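Here the structure is laid out as structure tokens; the discussion comes afterwards.
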Amino acid sequence: MNSLKIIAKHPSICQIDSSTTLRELRQIHAHLLLNGLLTDPQLSGQFVAAIALRNPDNLDYSGRVLDRCERPTLFSLNSMIRVHSKSPTPQKSFHFYDRIQRHGLSPDNYTFSFLVRACAQLLARGVGEAVHGALVRHGFESDPHVQSGLINMYAEMGSLESCRRVFGGILDHDVVCQTAMLSASAKLGDVAFAKKLFDEMPERDTVAWNAMIAGYAQCGESRQALNLFHEMQVEGVKVNEPSMVPVLSACTQLGALDQGRWAHAYIEKNRLRMTLTLGTALIDMYAKCGDMDKAMEVFWGMKERNVYTWSSAMNGLAMNGAGKECLELFSLMKEDGVLPNEVTFVSVLRGCSVVGLVKEGCKHFASMTELYGIQPELEHYGCMVDLYGRAGRLNEALKFINDMPVEPHAGAWGALLNACKIHKNMEIGELASRKMLELEAKSHGAYVLLSNIYAENKSWEGVSHVRQVMKSRGVKKLPGCSVVEVDGEVHEFFVGDNSHQMYNEIKVMMGEIFRRLRLSGYMADTNPVLFDIEEEEKENALSLHSEKIATAFGLIRLKKDIPIRIVKNLRICWDCHDFMKMVSQTFDREIVVRDNNRFHHFRGGGCSCRDYW
């Protein structure tokens with residue numbers, strides 16, 4: 001106890017903090033050695049811990065000091081386990097656990113709390129289970145910190161069942177364990193159980209609220225995420241940076257730009273720190289809501305940018321049809337000394353694809369392995385097929401798939417199938433569809449694309465066959481759904497929808513739109529309609545597409561200087577694409593449509609994609 005009092009008051013160790021330089025550490029070290037203070041194991045251990053915990057940049061130096069200790073303390077070894085468990089090298093934690101055992105020391109609850117955290121970082125299921133077994137043998141399975149750590153560890157490994165077993169074995173569920181289980185359930189998709197826990201918690205801190213909001217956002221229940229965030233504010237719970245990331249994610253999913261702007265204003269008003277994660281989420285939100293000017297304003301305003309920040313901005317540019325700007329930003333990133341990663345190259349290849357730069361795309365694809373040692377993943381191969389396919393080089397796209405060093409995935413065949421629809425190639429389209437359905441027999445998209453190819457070629461027998469196969473296999477076409485935001489409220493429309501409270505006004509507006517478009521020469525492109533029926537019936541079917549209904553609603557409710565922003569769950573069809581172009585010109589409105597593939601910015605009768613790819 002006396003030595004602990006000496007340590008607590010020793011001025012040399014107390015002055016070590018996060019700003020202490022390596023030179024200053026050496027001076028302190030020399031002072032302690034000259035005065036013979038490091039012969040005391042407790043004081044030596046405290047010195048090691050102070051170096052490691054107060055400035056992880058000096059971790060190697062603390063390790064060298066510890067190596068000179070003949071009798072290291074459990075506290076010093078635990079401190080090294082703790083720091084490494086949060087570092088890029090969590091596996092080194094086990095080196096110090098081995099030293100605990102070699103020196104005949106008994107690990108305590110802190111030892112295992114830190115080891116469990118290291119396992120969560122490593123995502124090593126076998127190692128995690130071994131640590132779990134060891135802590136049970138040492139009698140720490142009832143420690144609250146260890147229990148919550150185990151739940152977090154198994155959640156990181158994706159094992160909800162293991163989380164439930166640990167949670168079920170806890171006799172007294174304190175707030176920490178409840179929050180850990182709530183986070184695990186929400187993260188792994190069991191939102192219903194997470195909400196049950198959330199509602200039953202006697203007290204809920206910011207972490208619990210954040211976990212529940214994030215769970216809703218991750219599962220695509222964006223409206224619930226935003227509603228819960230508003231409830232969080234009403235109850236006066238402190239909002240922090242982690243609270244805002246899932247809120248922005250929910251706005252992104254909904255394409256709710258007004259609510260996203262409100263969230264941004266809330267961040268600024270409450271002076272929340274603009275972390276890398278929060279800044280990147282803001283860029284992603286603005287980009288995926290179609291406001292690239294604001295996305296880039298946030299990007300350039302960030303004091304610090306990492307590879308994910310750059311990649312998010314590049315992906316936004318590519319999505320919004322600004323492929324050349326995406327590639328220019330990639331060059332700036334390299335000049336800034338930031339090394340690209342796998343995510344970066346997905347954005348780069350998409351940028352090449354949207355502007356048809358096949359040669360440059362091939363060059364960047366080759367540079368992944370040749371210059372950066374990055375092995376292409378399935379998504380990169382899919383981007384390359386899309387690059388060839390959009391450019392109409394279907395045979396090269398097919399050859400690329402056949403030459404892939406890995407088994408071609410559904411994404412690659414889907415990109416080829418879509419290209420076949422664009423370029424009306426029935427032969428390769430049939431092959432791509434067959435291959436895709438071998439991998440994903442329930443993929444409604446493959447059936448619909450193949451049906452469209454047959455319909456384009458007036459092959460009604462082929463269309464009928466596809467529909468029969470879909471019926472026999474129980475595959476149903478996902479109904480088209482479009483959302484449009486007005487005054488911060490998101491309105492949802494389905495194909496043929498008449499349930500909206502303003503349906504009568506929408507119906508009148510639809511009639512006025514088609515009247516004016518026909519005067520301007522509009523004729524419905526009925527080729528994609530999957531039935532061999534009369535043209536008039538086809539036109540009626542097309543007029544009920546959800547994005548057209550959403551457009552009519554936008555024309556009614558939004559002022560002329562406000563763009564109509566629509567988010568659709570499926571790819572926009574050829575007819576709706578032409579419809580949007582003509583509406584933008586006839587009504588002098590800007591319309592932005594985000595489908596499940598990309599953005600389309602319609603202005604003055606034109607589209608950002610130049611042609612419908």
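Glycine too: its Cβ is placed from the backbone N, Cα and C atoms.
Unlike curated records, TrEMBL annotations are generated automatically.
Now, the feature entries from TrEMBL:
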- 73-107: repeat 'PPR' (REPEAT)
- 205-239: repeat 'PPR' (REPEAT)
- 306-340: repeat 'PPR' (REPEAT)
- 521-613: domain 'DYW' (DOMAIN)
Spatial neighbours of the repeat 'PPR' (205-239) far in sequence, C-beta under 8 Å, 6+ residues away: 175, 178-179, 182-183, 185-187, 189, 191, 194-195, 198, 245-247, 249-251, 253-254, 256, 259, 266, 270, 272, 490
Outside the repeat 'PPR' (306-340), six or more residues from its ends: residues with CB under 8 Å to it: 276, 279-280, 283-284, 286-288, 290, 292, 295-296, 299, 346-348, 350-355, 357, 360, 372, 374, 598-601, 608-610
Whole-number mean of pLDDT values that fall within the repeat 'PPR' (73-107): 87
Residue counts (helix, strand, coil, in that order) that DSSP gives for the repeat 'PPR' (205-239): 26 helix, 0 strand, 9 coil
Structural state census, the repeat 'PPR' (73-107) (DSSP three-state): 25 helix, 0 strand, 10 coil
Tally of DSSP helical, extended and coil residues in the repeat 'PPR' (306-340): 26 helix, 0 strand, 9 coil
